[in-house]
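*Asks:* Annotations per TrEMBL:
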DOMAIN    13-124  domain 'XLF-like N-terminal'
DOMAIN    127-175  domain 'XLF-like coiled-coil region'
COMPBIAS  225-235  compositional bias 'Basic and acidic residues'
REGION    225-299  region 'Disordered'
COMPBIAS  237-254  compositional bias 'Polar residues'
COMPBIAS  288-299  compositional bias 'Basic residues'
Amino acid sequence: MEELEQGLLKQSWAWLQLAENSLLAKAYITKQGYALLISDLQEVWHEQVDTSVVSQRAKELNKRLTAPPEAFLCHLDDLLRPLFKDIACSGKATFSCDRVAEALILRVRSELSGLPFYWNFHCILASPSLVSQHLIRPLMGMSLALQCQVRDLATLLHMKDLEIQDYQESGATLSRGRLKTEPFEENSFLEQFMVEKLPEACSVGDGRPFVTNLQNLYMAVTRQEVHERQKHGDTGDPQTSSRTSPPGTDSRLLTQPEEPVSSAPALPGPEKEPTGPSGSVQRPQLSKVKRKKLRGLFD
């Protein structure tokens, strides 16, 4: 069961449209069982079962089918994979969901070995610790990573402005006027962003933009957290990281390449040009390659 918990954390979110229900979901299936997490952005539901539960539920829902639980798990993996990847799979399976009290039931109807196959995922409300593990902590990590990225880009833009200024003071002129830009002012940029771009950027909607644009970063952050936990010996402290995953798994839904996130602290944006001991402005040293590339823009 621990492997299921660990494997689920490393999975990306998928966006599902089931009738009038827009849902975010992630799942992890192995030969030992499955773990499923579903959210409508109001509540989060969860189910995690082992082979004994799979075997019992299969007997209740599919009296004409006799197979080991591993076969049912493999079939469920085959059915969910196209759904989670938004791949049309006409006629292979139909999905629907119902809410009963505080639970959510995801129903699946398909065929197995030429016979009707039915399955119900019985998801109950997720615990606060599970919501924190899969949403709150990763989203906080993503925010910090993006902030660090913004600071690094602001520093790079400032250095580019100094580089261009050095060419201009050496007598170079821009050959194509449409390429001319004003020196980058970070405070002005942030103020303009807050006014013009923030409302659109914060439009969460049904969660699809989060799934479409940020899943690589989400997975990188969750895997980085797992890595940190492994490095510190899995002390069990929920404030430090989430549970780890042992090397090697049987099968995964929506497996994506691991992308490490830099853990370096955000670099403060330069406010003044660097000066030497005498107070003179120091220009960044330019390589021959950089000079040659930028001279193509100037006469």
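We count from 1, first residue shown onward.
Each residue, glycine too, has its Cβ placed from N, Cα and C.
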*Asks:* Write out how many residues of the domain 'XLF-like N-terminal' (13-124) are helix, how many strand and how many coil, based on DSSP.
*Replies:* 27 helix, 57 strand, 28 coil
*Asks:* On the 0 to 100 scale, where does the mean pLDDT of the domain 'XLF-like coiled-coil region' (127-175) fall?
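*Replies:* Summarising the domain 'XLF-like coiled-coil region' (127-175) by its mean pLDDT gives 93.
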